[in-house]
Amino acid sequence: MADFVAPIQSNASDGKKKATTAAEEPKSKKLCLERDANGVQSGGKAEWSMKDFEIGRPLGKGKFGRVYLARERKSKFIIALKMLSKAQIVKSGVEKQLIREIDIQTHVNHPNVLRLYGWFHDEQHVYLILEYAFHGELFRQLVEQRTLSEKQAAKYIYQMADALIYLHKKGVIHRDIKPENILIDYHGNLKIADFGWSVHAPSSMHGTMCGTLDYLPPEMVRHHKNFIFPVDLWALGVLLYEFLVGSAPFYSQKQEETFRRIVNCSYKIPKSVSPGASDLIQSLIKLIPSSRLPLERVKAHPWIMANYKPPGK
């Protein structure tokens, strides 16, 4: 990773430099996009640059750059290419978050975690070669539908729980679960993305403030140290609440009031939410981290089992 950090810091200050030509583009070692018998992307080392991809329509944009639909020229494999401005990354002081995101995502492989196939950089940008999620952000689906059916919500929570079990076994705490960081693929399956705020446990970063306020648990709002895996359990409960109610349980227009509601675990579940779903929400949104329902029991919860049957089970 050292060959990646230095170029960000050394080149970001020169935002007016001309982009390099295809022939001059620097390349970086990363995974090769080669299909195996199951269609899973794997393979050995390769060298990549922009000339290896056909760039299509924009998929989205953010503070640090844009995401484009792209196709690898040789294999014709469709991917999402995330182009990040080095200058903006350095200006915002998020180099470590980007490095962490790359480090974590290149070492995980789960059906409900967005794949990072590789990365490379030139003088002005860092490029992430990502799995393409056809239906985009879950956030967009919630905006359009406002709420989800119980069957749809149960499917997504089951898949989230299964992915988090995998990540936690790898020692990874996501810490920023929210609809904007969850994507939906062509088949309607969920993909956890955006690992910039994630950490490996144990970590000296456990006491840092990060993530999105509406989804933060009390131990993070209070700046307690050494919080670990249960922070993701709290966020899972908040996510389920938003799926079924259409808003976050602690939301207020005033940030101070949101803080107060979170630290006091002050929220109400509407009567429109079924008793089974309400029980699961309350089992996850608990003040004491150790009392939150373990992920294996989330998957086996009666409400989940009544509304979703995993493939092959």
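Every residue, even glycine, has its Cβ placed from backbone N, Cα and C.
Among the features that TrEMBL reports, region 'Disordered' is placed at 1-34.
Residues annotated as compositional bias 'Basic and acidic residues' in TrEMBL: 24-34.
The domain 'Protein kinase' annotation in TrEMBL covers 53-304.
Per TrEMBL, the feature ATP binding site maps to K63, K82, E131, Y132, A133, E180, N181, D194. Its own atom aside, the Cβ of D194 (ATP binding site) has 19 Cβ atoms within 10 angstroms in the protein chains shown.
TrEMBL lists D176 with the feature active site, proton acceptor.
What TrEMBL records for K178 is SUMO2 cross-link.
Along the domain 'Protein kinase' (53-304), the predicted structure has mean pLDDT 90. Of the listed recorded positions, namely K63, K82, K178, E180, N181, the sparsest Cβ surroundings within 10 Å are found at K63. Sequence-distant contacts (6 or more apart, same chain, Cβ under 8 Å) of A133 (ATP binding site) comprise A80, L114, L183, I184, D185, K191, A193. Secondary structure at E131 (ATP binding site), taken from DSSP and collapsed to helix, strand or coil, is coil.
Rounded to a whole value, the Cα-Cα separation of D194 (ATP binding site) and D176 (active site, proton acceptor) is 8 Å.
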